[in-house]
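The structure appears right after this line, and notes come after that.
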Amino acid sequence: MVVAVPTAVNPTPTFHYDDAGYMVVEGVRVRDIQDALGEEASPFYVYSKAQISANYEAYRAALDGVDAIIGYAIKANNNKAVVKHLAGLGAGAVLVSGAELRLAMEAGMDTSRTVFNGNGKTPAELRAAVRSQCLINVDSEFDAAHIADAARAEGLPANVLIRINPDVDPEVHAYVSTGLANSKFGIRNSHLQWFLDYIRDAGDDVLRLAGVHSHLGSTIKKVSIFKDAADIMLGFVNTIREGGAAPHLRYLNIGGGLGIDYERVGEELPSPADLINTIRPQLLAGGLTVIMEPGRSLVGNAGALVSRVIGVKTNGSTRFIVTDGSMSELIRPALYDAYMYIAATEPGGETGVFDVVGPVCESSDFLGKGRSLPLPAEGSGLAVMDAGAYCHVMASNYNMKRLPTEVLVDGDEWRIVRKGQTYEDLMLGYEGLDV
Ligand SMILES: *Cc1c(COP(=O)(O)O)cnc(C)c1O
C-alpha cells in the first residue's frame, strides 16, 4: 500500500510510507540514507528527481500549443544536479546574479532562453549577461543606462524586457510581494515612454526591446491575480506597438510565483494548467512568446529537510521536540512565519502535540509549532516537507552550523549531489592569514 505524506494531498506520491511505517522517497527509505550518511551529515536535504520531472511536465503540458519558455528561477534551489536535470528537460533559466549565470552555463542551460533579473545588477554582471546573450530586464533609469554601457563595452546588442509593475496585489506575505506600485522592483509605469525613447535612442546595435516582464510575488494562490496582471501587461504591449516601431518585441514574461500546498490539508491550489488556461486567450491573441518563471512550484514539493531528534522536553504546558535541524539550515518559519508540514520518517510512540525546535540560540528558531506527531525516539528522523525551494539556498553558518549535504533520489537509487560543509570548510577563510 502506498500512502502519500500526508494521505491524498500529494498527487504524485514520491514521498510516501511503506507498510512498516517508514518514509520512502521514490524507492528509497529515508532511514537508509540517514544511516549511510551518519550523524556527521545530519540534517540533510533529500530531493526526488521524479517529482521535479512531474512538476516540469505539468507546466510543459499546460503550455501545449503556446510558444513558450519555461524559465526555472534558479534562486529557489541552485543545486547543480537540479539545474542540470531541469536543463535536460528543456527549461530555460531565470537569473538574479552573475554567479547564477555561471552555474546555468555550467549546467548546460541555453542562455538564449534565460532572463537576467534584478534591481541592482552590477556592471560586471551586465557585461557577462550581454556576452552570453541573455534576455535582460530593465528595472530602472540607471539600470537602462548600465545595460547600454555593458552592450557598448561588449560590442553586442542587449535584448531587454521592460519590468513593469502591474500593481496587482498578489495577496501574499509582504516580504514576497514584488509587483505593487511602491515595490523596489521594476519601473515607474507612468515613465514608460521615457524607457521606450531611451531604448530607441540608444540604437539597435545597443538596446533592443524584446518584450515586457512582470513578477507579482511568490506563494500566489489565486489564478485571477495572474489573469489581471496578464491583461494589464497586454495593455502595455498594445500601447508599445501602437506607439510605432518595436520590431523586436516578442516576449510576454509573466513571472513566477505560483504557490504550493505547504499546509497539506487538501486545499485546492491552482495548477499550472489552471493558471495558463486563465490567460491562454490573451497569450494567443498577442501573437507573443510567453515566458514563465516558476521556482517554488517546480522544486518546492520535491525536497525535504531530514533532521535527527536530539530529545524531547516539556516546559510549562509546551512539549518540545529538539532536533539537530534549525533555522540555520531552514529559515522560512523564522523569517516569514511560514508553515511547513513536518512528518516523522519512521514509526514512533503515542501521538502528541509538539513544538519542533532547533538548537540555535534564538527563540525564532523553530521549524513548526503545535504539531501532531508520534512521540519520537532519540536519533529518529523528522522531515520538514516541501523544502525543495528557498530552503537550502537560504541556509547559513549561524551558530557555526554547516551547510547541509544534499541528496538526490532517482528511482531505487540515491546519491550525494552536494557535500555538506565540514569544520575545515568553515576555517578556509582564515587560510594564509595571521589570525
Ligand atoms: C523569485 C522570482 C521568480 C520565482 O518565483 P517563485 O515564487 O519561486 O515561482 C520568478 N521571477 C522573478 C523575477 C523572481 O524574482
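Cβ from N, Cα, C; glycine included.
A quick note: this is a predicted structure, and the numbers were derived from the prediction, not measured.
What TrEMBL annotates here:
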type	residues	note
ACT_SITE	Cys361	active site, proton donor
DOMAIN	44-388	domain 'Orn/DAP/Arg decarboxylase 2 C-terminal'
DOMAIN	50-299	domain 'Orn/DAP/Arg decarboxylase 2 N-terminal'
MOD_RES	Lys75	N6-(pyridoxal phosphate)lysine
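In the three-state DSSP classification, Cys361 (active site, proton donor) falls within coil.
A helical conformation is recorded for the residue listed as 'N6-(pyridoxal phosphate)lysine' in the three-state DSSP classification. In this structure the alpha carbons, written CA, of Cys361 (active site, proton donor) and the residue listed as 'N6-(pyridoxal phosphate)lysine' are 27 Å apart. Along the domain 'Orn/DAP/Arg decarboxylase 2 C-terminal' (44-388), the predicted structure has mean pLDDT 93.
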